[in-house]
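Asker: Please see the structure below; I have some questions.
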Amino acid sequence: MTSWIEIPAASPFPANNLPYGIVSKDGGRRHVAVAIGDQVLSLAATANTGLLDDALRDEFGVVDRAIFDAPSLNPFLVKGFDVWHAVRVRLLELVADGSYEPALRSALVARSDVTVHLPVEVADYVDFYSFEEHAGNVGRLFRPNQPPLLPNWHRLPVGYHGRAGTIVVSGTDIVRPSGQRLVDGEPEYGPSLRLDIEAEVGFVVGTPSPQGSSVSTVDFERTVFGAVLVNDWSARDIQAFEYVPLGPFLGKSFATSISPWVVPLEALAAARVPAPAQDPVPADYLLPAGNAYDLSLAVDWNGSTVSRPPFAGMYWTAAQQLAHLTVNGASVRTGDLYASGTVSGPRPGGSGCFLELTWGGAEPVTLDDGSERVFLADGDTITITGTAPGADGTTIGFGEVTGTILPARG
Ligand SMILES: O=C(O)/C=C/C(=O)CC(=O)CC(=O)O
Ligand SMILES: [Ca+2]
Ligand SMILES: [Mg+2]
């Protein structure tokens with residue numbers, strides 16, 4: 001697909017991606033934009049031209065241009081699938097057809113000139129555990145005397161409720177957490193000595209569901225707006241001491257980073273692939289399973305690529321995760337985020353966390369500068385990138401989620 005906007009060949013943001021984010025320029029108002037090439041197209045400015053009016057008209061005939069003059073995507077997300085779809089179709093036209101250039105040229109800003117912000121006001125946050133390789137490896141490392149997978153794992157997508165308020169946008173520094181962990185077998189309070197990452201993909205809920213009802217797998221694409229990259233920073237020593245029997249708590253809640261650009265599910269249509277076979281056959285409420293997505297992730301540690309976790313192998317689909325999350329009547333709200341679980345394949349090259357990559361710290365990795373690591377050192381920077389196949393041989397990029405570790409506060 002061609003555009004009157006210049007797009008470098010290797011850009012993660014070709015004209016058929018158009019991921020949504022929140023930007024500001026020179027300390028000005030935060031507003032909605034889509035990324036395209038090296039630029040962003042302000043949707044606040046685009047809406048003001050009137051060129052989005054038809055797409056924004058809702059079932060009551062109301063056109064609310066102000067949903068793009070907002071500090072989060074939530075006012076747009078709550079409009080629902082028909083508006084998301086109409087706006088996307090219209091934007092694809094506007095960036096393709098050169099006759100719109102005079103009206104829209106001034107709505108374009110260089111991406112390097114804007115600040116990106118957390119794109120979504122995150123309502124609730126859930127983290128799943130849906131990669132068999134990861135769950136098996138964590139079981140082997142944390143519970144060596146038990147079967148790696150508990151009997152529930154192949155019956156339902158295991159997950160836990162995380163902390164929505166500590167989700168931060170890519171680029172935010174991460175202060176090393178402190179907590180109680182075992183040192184020579186004795187609990188001791190202090191900075192985490194085993195600070196880790198988890199490379200994941202997050203799904204952003206747009207359409208809310210009423211409490212007391214559930215969302216079936218076939219309603220996934222009308223409920224979930226899009227996807228982001230997630231780094232679920234994890235303090236393994238704090239986690240290992242605290243997690244029994246109620247699961248992850250302070251070992252993970254200090255920070256979770258997400259990429260700034262929410263890729264709409266509609267941009268990922270060409271990345272849909274059949275989900276892996278499931279044995280035993282899942283409960284009825286988890287069927288039909290829906291599809292997997294063929295995303296490619298890469299984890300860079302201070303600029304050295306240390307793994308490429310394969311996303312297509314996720315055992316439970318995102319549609320099944322949503323169905324499970326709501327099967328008890330729990331509602332979802334606009335802005336809810338649920339993450340896939342650590343993306344992992346055969347180690348070491350497929351590992352989505354350093355617990356697996358270094359086998360619990362036993363097998364150091366050597367970075368390109370010759371230094372060795374098992375867990376994160378202060379000053380280390382982790383960058384996770386992701387791409388998906390797009391239509392007609394294009395590549396849909398997620399951009400990146402990056403963060404640098406600061407020393408623990410005294
Ligand atoms: O098995 C455990 O006790 C802990 C598991 C995790 O650390 C996993 C978690 O955060 C879920 C995931 O990302 O897959
Ligand atoms: Ca996680
Ligand atoms: Mg975390």
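Just so it is clear, glycine is given a Cβ too, placed from its N, Cα and C backbone atoms.
Take a look at what TrEMBL says about it:
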{"type": "ACT_SITE", "residues": "H134", "note": "active site, proton acceptor"}
{"type": "BINDING", "residues": "D127, E198, E200, D232", "note": "Ca(2+) binding site"}
{"type": "BINDING", "residues": "Y129, R143, Q239, Y243, T342", "note": "substrate binding site"}
{"type": "BINDING", "residues": "D232, K252, T256", "note": "Mg(2+) binding site"}
{"type": "DOMAIN", "residues": "16-119", "note": "domain 'Fumarylacetoacetase N-terminal'"}
{"type": "DOMAIN", "residues": "126-401", "note": "domain 'Fumarylacetoacetase-like C-terminal'"}
Asker: Could you give the Cα-Cα distance between E200 (Ca(2+) binding site) and K252 (Mg(2+) binding site), in whole Å?
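Answerer: Just about 14 Å between their Cα atoms.
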Asker: With Cβ-Cβ distance below 8 Å and at least 6 positions apart along the chain, what are the contacts of Y129 (substrate binding site)? List them in sequence order.
Answerer: A135, W153, P157, V158, G159, Y160, G341, T342
Asker: Per residue, counting other C-beta atoms within 10 angstroms of the C-beta, which of the binding-site residues D127, E198, E200, D232 reaches the highest number?
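Answerer: Comparing the binding-site residues D127, E198, E200, D232, the most crowded Cβ belongs to E200.
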Asker: Going by C-alpha positions, which of the recorded positions (D127, H134, R143) is nearest T256 (Mg(2+) binding site)?
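Answerer: Considering only the listed recorded positions, the nearest one is D127.
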Asker: List those of the binding-site residues D127, R143, T256, T342 whose Cβ lies under 6 Å from any atom of ligand 1, in sequence order, or write none if there are none.
Answerer: D127, T342
Asker: Reported as an integer number of Å, what is the Cα distance between K252 (Mg(2+) binding site) and D127 (Ca(2+) binding site)?
Answerer: 10
Asker: Counting other Cβ atoms within 10 Å, pick out the least crowded of the recorded positions H134, R143, K252.
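Answerer: Each of the recorded positions H134, R143, K252 was scored; lowest Cβ tally within 10 Å is R143.
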Asker: Taking just the CA atoms, what is the gap between E198 (Ca(2+) binding site) and H134 (active site, proton acceptor) in Å?
Answerer: 10
Asker: Going by Cα-Cα distance, pick out whichever of the recorded positions H134, R143, Y243 is nearest to D232 (Ca(2+) binding site).
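Answerer: Nearest listed residue in space: H134.
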Asker: Taking only the Cα atoms, work out how far Q239 (substrate binding site) lies from D127 (Ca(2+) binding site), in Å, as a whole number.
Answerer: 15
Asker: Could you give the Cα-Cα distance between R143 (substrate binding site) and the residue listed as 'active site, proton acceptor', in whole Å?
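Answerer: Cα to Cα, R143 (substrate binding site) and the residue listed as 'active site, proton acceptor' are separated by 13 Å.
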